[in-house]
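What TrEMBL lists as active site, proton acceptor is Glu70. The domain '3-deoxy-D-manno-octulosonic-acid transferase N-terminal' annotation in TrEMBL covers 43-219. Summarising the annotation, TrEMBL assigns site 'Transition state stabilizer' to Glu137, Lys217.
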Amino acid sequence: MGGVARKGMLVYEIYRALSYVVSPLLQLHLRWRKIRGLEHPTRLPERLGRPSLTRPPGPLLWFHAVSLGEGMAAIPVIKECVKWRPDLNILLTTATIEVIINQLPTGVLHQFSPIDTPAAMDAFLDYWNPNAIMLLECELWPNLIMVSSRKGIQLALLNARVSMKSFKLWSAPVLFPLISLLLSKFSLIIPLSSMQGIHFQLLQAPPFIINFAGDLKYAVEYDASKEELRSIDDLKVQLGHRKVWMASSIHRGEEEVMLGVHKVLKQVYPDLVTIIVPRYPQHGKDIAQKLQKEGQLVALRSQHQKIVPGRNIYVVDTLGELRHLYRLTPVAVIGGSFFPGLAGHNISEAAAAGCAVLTGYHVGHFSHMIREMQRLNPLSVLQVTGKLELEEAMLKFFSDAKVLEARQTASKQAFHALSNGIIANAWNVLYFHVLNKALLKGKSGVTIATAIKSYSKKELLAFKLVDAAV
């Protein structure tokens with residue numbers, strides 16, 4: 001073991017001891033979150049590694065995603081896995097259940113993410129005993145990774161990314177040995193961009209485990225129910241031929257920018273409708289309440305209020321509908337990007353719907369997505385510095401149909417070019433580098449020929465496809 005690895009083990013042992021010591025405090029914190037309605041009322045034990053479902057017999061793959069965005073990015077890969085290997089059990093863990101649970105294929109298990117304490121992680125891994133673990137984006141939890149590696153479980157990091165803030169922190173002398181040690185335990189890292197791949201190499205991830213497939217967020221899909229689609233179609237009818245634009249995923253403070261632009265546009269287009277979709281539903285309720293106190297007519301989605309003449313602002317205070325709501329508007333302004341400290345949001349969903357896409361400059365790791373789209377077509381994404389530039393762009397779009405149409409076409413074409421083949425690529429490298437090794441778990445002691453005979457025809461076909469791709 002080299003010097004960096006020895007230091008990494010020392011830092012890990014300190015982390016493990018500290019996580020053991022603070023376990024009681026973390027449990028109290030979870031109970032406090034439950035009281036505040038931030039944890040599921042009946043499934044809190046899952047956060048401590050205690051299962052609420054029976055583990056089915058046979059091989060099991062664990063996809064671990066904390067945030068909603070990470071969970072949604074995992075689902076297309078899960079669907080591809082179900083398509084090619086319906087014999088495998090699949091478990092998805094997330095910190096939230098809204099939206100995601102309705103998108104999972106039939107038979108996929110869901111549990112809440114266990115906290116990264118020794119007791120919770122040991123209990124979780126002992127019970128579920130996964131053959132392979134797919135972590136999403138930047139979920140480098142030391143106890144999870146080290147215990148899994150010790151048990152011989154294959155590890156993959158999908159859509160891997162590290163923010164500049166985290167990169168600087170992880171590169172510091174104290175944490176660098178630990179991060180290097182954790183990354184050495186993976187069999188596969190799929191960065192979401194070439195720059196992210198460089199970041200992971202600088203953090204001493206072994207170069208041979210880094211493979212590229214594209215950004216999984218281009219492939220995110222939301223299956224809508226008939227009722228949801230009917231609701232969107234009903235909104236289309238309510239909007240009629242009025243001028244419409246949407247400000248989506250906005251954070252606190254950004255509503256002032258959007259409402260300022262709304263005020264200017266409304267002077268020119270009195271029948272204008274501005275759709276505001278805050279990042280968090282409570283923010284939407286707060287916006288509507290404030291506007292109503294000012295005497296403005298606002299329609300709130302959770303209250304099923306209609307967009308009638310005289311109502312110019314529609315506030316969406318619900319979750320999981322954004323992708324479908326983009327179908328209502330020719331222009332989408334993606335928030336979380338107008339103030340320092342923010343880090344942007346996924347612009348691909350708006351592009352997929354054929355919207356003209358605008359965003360601010362504080363976009364974090366989504367800068368790679370913007371650069372990719374602009375490289376394919378400079379008209380695909382327009383970045384603006386703030387209110388004045390946003391006003392200017394919106395007035396131009398609404399006054400010149402050809403300019404708006406060119407922007408819409410550019411964003412949709414760029415999206416399709418970038419999203420093509422991503423899931424197939426991800427599945428190929430995942431199967432080749434991780435799953436074929438993981439699925440030999442329990443088949444040790446047999447010859448290669450015997451192992452091959454034990455695979456199904458569909459497994460062998462998958463191997464052939466992977467060999468051809470790789």
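Glycine residues also receive a Cβ, built from the backbone N, Cα and C atoms like all the rest.
Glu137 (site 'Transition state stabilizer') sits 7 Å from the residue listed as 'active site, proton acceptor', counting Cα to Cα. The two recorded residues Lys217 (site 'Transition state stabilizer') and Glu70 (active site, proton acceptor) have their Cα atoms spaced 9 Å from each other. Mean pLDDT, taken over the domain '3-deoxy-D-manno-octulosonic-acid transferase N-terminal' (43-219), works out to 93 on the 0 to 100 scale. In sequence order, Thr94, Leu136, Glu137, Glu139, Asn159 are the residues near Glu70 (active site, proton acceptor), counting only same-chain partners six or more apart with C-beta under 8 A.
Within 10 Å of the Cβ of Glu137 (site 'Transition state stabilizer') there are 23 other Cβ atoms, across all protein chains.
There are 23 other Cβ atoms within 10 Å of the Cβ belonging to Lys217 (site 'Transition state stabilizer').
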